[in-house]
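A.B. asks: Pasting a structure here, questions to come.
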Amino acid sequence: MRKFIIHSILICSVIAIIISCQNQETIDLQNYMSNGKDIYKAKCQNCHGENGEGLGQLAPPLTDSVFLKTNKARLACIIKNGASETLVIHDKTYQEKMPGFPELADIDVAQVMVYVTNSFGNKQGFVSYDQVSTQLQNCK
Amino acid sequence: MIKNHFFIAICLALFTFFYACKQDKKLPFYGERHAETVKDANGTEKIDTVYQTIPNWSFLNQDSVVTTNKATDGKIYIADFFFTSCTTICPTMHRNLMTVYNEFKSNPDVMFVSHTIDFKYDKPSVLKKYAQKLGVDGSKWQFLYGTKDSVYTLAEKNYLVAVGEDSTAKDGYIHQGYLVLIDKDRRIRGAYDGTKEDQVEQLKRDIPVLLAEYKK
């Protein structure tokens, strides 16, 4: 009987370890998503809306997955430094200036970027802090 | 016997409850007030309360046309203060106000008035572009441009909304995000934080209540 109890405890803990053992990237993604959401609310939501729907022709929606994908390397720079050029999103042109957010640290930019590119119907996966940091150093 | 009394008590309670519900709801009056002796049609004197009202105004609208209080006379309207290059509360305010606008677009008794507090940059042509990009067309929603002095005085003294220049603020100006509800007699009947969705919903419920006051 005692043997049985010990064995079952052992098996249970092995199963628990396996279940909780997600890979590091999934955990990072979850962290970035939850922090990114807070930053989004504080800095982006005013103009881009709670569900990334944008605001008329003043602020573009963040739901154009094709735009986000083709401009992936530029996104970090846009978030940090703003944008003054005309952007074509969902076949509509947007000419209003986007303000920069120089107060955001590289890690904040990475987190909010991961949040945007994995919310509102987008699913582009994880981008690490290192990658974003490199992108930010090469902003035009 | 006790059971009977209990039953009657419940009936009475329910009756008062439903009766109370039927009373006409009235919106409050904001601002200063004072008592004044007035004469009614028969010449008898009585004391009446006089509430704070919005004075006459005259500004340029988004079509560069001189617009005065005549545009809103005899209507209820919602006033707010903003500026086009504002990136903080204004987009949220106007996103929410758009939903009110869409709901009452076809009601001729309701108007919208947005004053810019950026007297340097927000000329009528800028306001026009902003209105179009927001998705507003026509004269139901007026975007008004005026001198710093006239707009700021109107905001603080009459609409009771704080506005100001502030070089330390991100966009150069600070202001409160109130949507102020004005009745047909130019009195302030409500102030709703345009950045909070629940307060904007309250505004949507209060507009019909205010309109109902004039239907007799």
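From the backbone N, Cα and C atoms, a Cβ is placed for every residue, glycine too.
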A.B. asks: Regarding the disulphide bond with B:Cys90, report which of B:Cys21, B:Cys86 TrEMBL records as its partner.
C.D. replies: B:Cys86
A.B. asks: Look up B:Cys90 (Cu cation binding site) in the DSSP assignment and report helix, strand or coil.
C.D. replies: helix
A.B. asks: Residues other than B:Cys86, B:Cys90, B:His175 within 8 Å, Cβ to Cβ centroid, of the Cu cation site?
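C.D. replies: Checked against the 8 Å cutoff, the neighbours are B:Phe81, B:Phe82, B:Phe83, B:Thr88, B:Ile89, B:Met93, B:Ile117, B:Asp171, B:Tyr173, B:Gly177.
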A.B. asks: Reduced to three states, what secondary structure does DSSP give B:His175 (Cu cation binding site)?
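C.D. replies: Reduced to three states, the DSSP call for B:His175 (Cu cation binding site) is strand.
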A.B. asks: For the domain 'Thioredoxin' (B:48-212), what is the mean per-residue pLDDT, to the nearest integer?
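C.D. replies: Across the residues of the domain 'Thioredoxin' (B:48-212) the model's pLDDT averages 94 on the 0 to 100 scale.
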A.B. asks: Might you list, by sequence position, any residue in that chain lying six or more from B:Cys90 (Cu cation binding site) with a Cβ less than 8 Å away from its Cβ?
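C.D. replies: Once residues fewer than 6 apart are set aside, B:Cys90 (Cu cation binding site) is near B:Phe82, B:Phe83, B:Thr84, B:Gly177.
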A.B. asks: I'd like the Cβ neighbour count for B:His175 (Cu cation binding site), meaning other Cβ atoms within 10 Å of its Cβ, all protein chains included.
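C.D. replies: By my count, 25.
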